[in-house]
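These features come from TrEMBL:
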type     : residues : note
DOMAIN   : 37-144   : domain 'G-protein coupled receptors family 1 profile'
TRANSMEM : 24-42    : transmembrane segment
TRANSMEM : 62-89    : transmembrane segment
TRANSMEM : 101-122  : transmembrane segment
Amino acid sequence: MNSSTTEADLDAPPAHLFSDYIEIVYLATALVVGIPTNVYILTKLFRDRRQAQDHSIKSSFLLLNINLNITDLLILLIVAFGKLCWIITYSWYGGEFLCKTFHFLSAFALYISSNIVVCIALDRLRNVIAVSQIRTGKKVAVSY
C-alpha cells in the first residue's frame with residue numbers, strides 16, 4: 001500500500017467518470033419517460049381486457065401483455081432506479097439484508113421479464129398451430 005493512501009481515501013467513493021454522467025442522464029430519462037408511459041399503457045390494457053370476451057385469443061394476448069408491462073415497470077422501478085442511485089452515490093446505506101433483497105428483486109425482475117416474453121412466443125405458437133389444425137380439418141371435410 002502506498003504510504004500516502006489513508007484509510008479515509010479507501011472509504012471514499014470513486015470519482016465520477018464522464019460515462020457515469022451519461023448513464024445518469026440515460027437512466028433518469030428512462031425513468032421519467034418510462035414509468036408514466038408504462039402506467040398509461042397498463043391502464044389501457046386493463047380497459048381493453050375488460051372489453052375483450054372471455055377465453056378469446058385476444059383476451060389471453062392482453063393478459064400476457066399486461067404481465068409484460070408489469071415486469072417492465074418492475075425493471076424500471078427496481079433495476080434502473082437502483083442503478084441510478086448507485087451511480088449517483090457509489091454507496092449502500094440499506095444494510096446487508098436490504099442489499100441481498102435488492103439483488104434478488106433485480107434478478108427476479110429481469111428473469112420474469114424474459115420468461116413472459118417466452119410465454120408470449122409459446123402462446124403465439126399455440127395460436128398458429130390451432131389455426132393450421134382448423135384449416136387442415138376443413139380441407140379434410142371438403143375432400144369427403
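Each residue, glycine too, has its Cβ placed from N, Cα and C.
What you are looking at is a predicted structure, and each value in this text was computed from that prediction instead of being measured.
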For the domain 'G-protein coupled receptors family 1 profile' (37-144), the DSSP residue counts stand at 97 helix, 0 strand, 11 coil
Mean per-residue pLDDT in the domain 'G-protein coupled receptors family 1 profile' (37-144) works out to 89
